[in-house]
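Among the features that TrEMBL reports, domain 'NADH:quinone oxidoreductase/Mrp antiporter transmembrane' is placed at A:140-372. The transmembrane segment annotation in TrEMBL covers A:6-27, A:39-57, A:119-136, A:142-160, A:172-196, A:216-236, A:248-270, A:290-308, A:320-348, A:399-422, A:443-465, A:485-507 (among others).
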């Protein structure tokens, strides 16, 4: 544990407690007092970004004279394998910052009008953030289950936000599949507990090499059942048909935050493969890597085909989420420190870009005709008789920006470049880093070639789909004036794209950060010792 | 006792899965409930089966072999509460879907009208 000042040690728990308390407070405020509710949730969200930023700095050793490294928070000060611990290392601090950044932008966007389309939006939204933060920070697999349920319960509420037939139908599937996978999650936890006798991730990591040969199969079966649960949550083929539809049905700010939810599954798989099946875990080393690679490939292929096949932008974004999950899972399966660093960079960049795209879709499509979006397949793209319709959005707030199309078009091109991975933006750097890490070996394996090929192919498909949609929605001259756009909707999109821009400008230091993170994942010793104390490794 | 418990879990899982794949939403809810009972029993079994052994130590230094592992029992308690709450929520969504689509088919439309 780093020698940080006392107040810094409370940062991890703040990220969970703060949104829960604020959310409880919001429930007590009457629905009429909208301003107060907005103020409370906005202040909370901004504070969380600040706290997460401090946590990143503190874990990186740039704050309070600490040396960096994993920071452990023992709840109620119970000693490690018996009590629940929150562990913030570079990886989880980074993920939490990403979550809260996406959260605050989506929240600002929601203030435009989305938070008014149903009750208790803010309370649910903060609970969702609390659940995601908790899942990233916890060091206990059963506590992870609890945080997963918190975030899922909040997401059930948010997906239904605004009601309507399509949302209800999509959420029925979403809730059913998530309850079923939660049961798998529990079964996996029970199997791992029955073999190792522990729920603490670091303690399980210590006990994995000591597992008797006959019990190893049980442990691996447990890990596989657990893995299936997380793979479903990260949208891996063939259990991902619910994802594009659900995300397309959700309100835009909700969908933007959901972009990080698939990454929770990816994070846990990365964490558990590093701890349980990384170096020094005896006979269990490298378990299921091959399966991860193949499933990742299948998902990327499915997502790419989906991107090309669909004409609705929300579905394109949903399939892009699948491609990005597939890339990450395949890269985790291939492993190697350089590749893990590259995939972390890709994770940050692609999550922010998809979040921005989800926020952007609604204002862009506001100009287009409803029928046109669905029946546009047979129409030539350059059709001069295109008739754009203005949707009636009477209750918008904020200043009306002139040149709406210029702003939207600029943001759309920016998003396209990011998603397709074209230079000079961060999407390109991320994909280039992955491919470079794949080819930076003496003998390039067939799976490395396949992954590189699929990454380029999916980028091309994204470019084609986005260009097609862009021409359709933005270029084609409409007869009427474009729909209005309020400042409050532009600011969050701009903020997300600005963060992506800074990912490009500050790529050097950020890349060093993810490289250190990948180094920490490759050598889980420091994590285990931080949780269990210096004796870490000695059997109880 | 192991055989009885294993059979019970197996039957619950089998009927739960069968119901889960049925087209009516209420059957799906029942299937999920049965599956969650099965998983709860499974967690209990993960802590080894013992009869007449209390899970709570009464303060004195005693032989751990006389007691049953309390952790799985605590886990089951949490799991029961969570699955109860999510089932209640699913029931509400089920009713909403029934009201909005006019059918209790899981896809919101009947294959044969």
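Glycine is treated like the rest: Cβ placed from N, Cα and C.
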Quiz prompt | Top Cβ-contact partner of the transmembrane segment (A:248-270) among A:6-27, A:119-136, A:172-196, A:443-465, A:485-507 (pairs under 8 Å) | solution = A:119-136
Self-check item: Touch test for the transmembrane segment (A:290-308) and the transmembrane segment (A:39-57), at least 3 Cβ pairs under 8 Å
Solution: no
Quiz item: Going through A:39-57, A:119-136, A:216-236, A:320-348, A:443-465 one by one, which has the most CB pairs that fall under 8 Å from the transmembrane segment (A:6-27)?
Solution: A:119-136
Practice problem: Given the cut-off of 8 Å on Cβ pairs that are 6 or more apart in sequence, determine whether the transmembrane segment (A:320-348) and the transmembrane segment (A:443-465) share at least 3 such pairs. | Solution: yes
